[in-house]
Amino acid sequence: MASVASSTVFASSLPHHRATTRAPPTPPRIPRRARLPGRSVVSCLPKRGSEKLVVTRASDEEGPPEPAGQGRGGGRAWPSLDASSCGLALAAAAGVLMLQGSQQALAGTEFMGMQDVVGDLGDISTGFASAFLLIFFSELGDRTFFIAALLAARNSGAIIFLGTFGALAVMTIISVVLGRAFHYVDGIIPFSFGGTDFPVDDFLAACLLVYYGVTTLLDAASGDEEKMNEEQEEAELAVSKFLGNGAGIISAASTIASTFVLVFIAEWGDKSFFSTIALAAASSPLGVIAGSLAGHAVATLIAVLGGSLLGTFLSEKIVAYIGGSLFLAFAAVTLVEIVNS
């Protein structure tokens, strides 16, 4: 009886035990997201009882995809932006703005630097006109002029022109570089006079132009035939040592090289060399280079085509008067600019 009673009690208590047992929790349903066909969607849900994220991946095979751009209830599903995405977007926008600002600043700096080196259009035109007139009338009747004329009488005119103009072009570039270097040194180490910065380079350039103008006018006014023919005699002496007949490619190259060396040595330290330095120190270097090259080209062309015929139309004394007057005129213009500045 005791065993039957105990089994009865155990049987009666079993349903009560099952009723009080709690069922295991069901995992939350993963919401569907709008996705494109063939693409998988990643959903991050926090795991119950921990801070870690459980990543589950739902593919298109689990069910038919919903129409793109719609969520539950037919509404439009807008993409969610987290803090990291917003930060990256702001950083990218700031980087683009900074890059554009730096490019504009760099372009402005380069423009200012080029304007300081080259000068504006007004300075270029003034430098071109000054250099052309000064070099042209300085080279007419000069030693280089007679060298080109005498060489052209014995060789091909085109070959002599190439050698002569090449040497004068190199000499012009060297003169302009020296003049601009002196100009920049004066800007780095300014000389103060009366509380203001005094342009030493412009003043020395004006003094150099005055010197050559006065000496040229004195030589023209003296009327000394020996002084007037000195340049031609020196040219004949230099040409007497010249070799080459300009025939053939090798001989033509040798003639051009010999002419280049001869004219370069004769032009080094000449009045046109120092006058170009003076103009480059006070004017636009681009205008001075262009004007000097144009003046050398025209004067050399006249010498090659018929330098001996120049005396029949224009005497050396008149050329000297014109050249000396131009030297003094450009010196006066430079001094006026110094006073006005």
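Yeah, the Cβs are placed from backbone N, Cα and C, and that goes for glycine too.
According to Swiss-Prot, the feature compositional bias 'Low complexity' maps to 1-13.
The region 'Disordered' feature in Swiss-Prot is assigned to 1-41 (among others).
Marked as region 'Disordered' by Swiss-Prot: 54-76 (among others).
Among the features that Swiss-Prot reports, transit peptide is placed at 1-57, with the record citing sequence analysis.
According to Swiss-Prot, the transmembrane segment annotation covers 79-99 (among others).
Residues or ranges marked as transmembrane segment by Swiss-Prot: 117-137 (among others).
Summarising the annotation, Swiss-Prot assigns transmembrane segment to 158-178 (among others) and lists sequence analysis as the type of evidence.
Annotation source Swiss-Prot lists transmembrane segment at 203-223 (among others).
The annotation transmembrane segment is assigned in Swiss-Prot to 246-266 (among others).
According to Swiss-Prot, the transmembrane segment annotation covers 286-306 (among others). Same-chain residues lying 6 or more positions outside the transmembrane segment (286-306) and placing a CB less than 8 Å from one of its CB atoms are 118-119, 123-136, 139-140, 144-146, 148-149, 152, 157, 160-161, 164-165, 168-169, 172-173, 175-176, 179, 276, 279-280.
What Swiss-Prot records for 318-338 (among others) is transmembrane segment, and it gives sequence analysis as the kind of evidence. When Cβ-Cβ distances below 8 Å are used as the criterion, the transmembrane segment (318-338) is approached by residues 130, 133-134, 137-138, 140-141, 199, 202-203, 205-207, 209-210, 212-217, 219-220, 275, 279, 282 of the same chain, each at least six residues removed from its ends.
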Please report, as numbers and ranges, the same-chain residues at least 6 past the borders of the transmembrane segment (158-178) whose CB is under 8 Å from any CB of it.
144, 147-148, 151-152, 246, 252, 255-264, 267-268, 273-274, 276-277, 280, 285, 288-289, 292-293, 296-297, 300-301, 303-304
